[in-house]
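**Q** Take this structure, written in structure tokens, and hold onto it; I'll ask about it next.
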Amino acid sequence: MTAIHPSILSADFANLASELARIPSADAVHVDVMDNHFVPNLTLGLPVVQAIRAATALPLDVHLMIDDADRWAPAYAELGSESVTFHVEAAVRPVQVARDLKSHGAKAAMAMKPGTALEPHLGLLSELDMLLIMTVEPGFGGQSFMDEMLPKIAAARRASDDLGGRIAVQVDGGVNSETILRAAEAGADTFVAGSAVYSADDPEAAIAGLRHLAGS
Ligand code: DX5
Ligand code: ZN
């Protein structure tokens, strides 16, 4: 099932409630949490994600680009996020983090940077509900999709299929009307799009266009 998750990183942070109201057909809202340590950028943290939770009925897909995921991730699940994604590079005990997220009622997702190989981490997959293959270096919106990640997306798809196809394969970074088909053909089913949605005059039309191009 194709899912489109607009990233509010490209929205107007001074008007988040009205920006959220512009994307009612989104499958979830992608919220990028950055700490200026794990990535060289700083966005928002728990209090703002709590406010976002209260401001929309859409499911929240929280993407944690922060150090010390073991410590912080469960609180994002507890506030009512649909899914919480931690980076494998930032977790000391990723299995425990995934279990903590699920015990707090969220789907557990794990992300990997472009330079992180998938194979050493395949054993973690059975603990997860979603795997995020980054298609840019995390930290900023508006970057170009890295085509060299397509084989990694395909490998993630195969690994998910081997486990019955239960684990969603998400891509994040540079997803737009030019690139989404390649990502979908490689096997991604869940697409984060920041600038492609929020830079459009009509975000709802952009979402519909992406969904159509991705094949459903
Ligand atoms: C980047 C973030 C992305 C970002 C994507 O590190 O994780 O979610 O918002 O933005 P676009 O779609 O513009 O590449
Ligand atoms: Zn993201």
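A Cβ is built for glycine as well, from the same backbone N, Cα and C atoms used for every other residue.
Straight out of TrEMBL:
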BINDING   SER7, HIS63, GLY139, PHE140, GLY141, GLY142, ASP172, GLY173, GLY174, GLY194, SER195  substrate binding site
BINDING   HIS30, ASP32, HIS63, ASP172  divalent metal cation binding site
ACT_SITE  ASP32  active site, proton acceptor
ACT_SITE  ASP172  active site, proton donor
**Q** Can you tell me which of the binding-site residues HIS30, ASP32, HIS63 is spatially closest to SER7 (substrate binding site)? Compare CA atoms only.
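**A** Comparing Cα positions, the closest of these binding-site residues turns out to be HIS30.
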**Q** Should we count any of the binding-site residues GLY139, GLY141, GLY174, SER195 as near ligand 2, judged by a CB under 6 A from one of its atoms, and which?
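**A** Not one meets the Cβ criterion.
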**Q** In DSSP terms, helix, strand or coil for SER195 (substrate binding site)?
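**A** It is helical.
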**Q** Tell me the coarse DSSP state (helix, strand, coil) of GLY141 (substrate binding site).
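**A** GLY141 (substrate binding site) sits in coil per DSSP, no helix or strand.
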**Q** Going by DSSP, is GLY174 (substrate binding site) sitting in a helix, a strand, or coil?
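**A** Going by the DSSP assignment, GLY174 (substrate binding site) belongs to neither helix nor strand, so it counts as coil.
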**Q** What Cα-Cα separation, expressed in whole Å, is found between HIS63 (divalent metal cation binding site) and GLY141 (substrate binding site)?
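**A** So the alpha carbons of HIS63 (divalent metal cation binding site) and GLY141 (substrate binding site) sit roughly 13 Å from each other.
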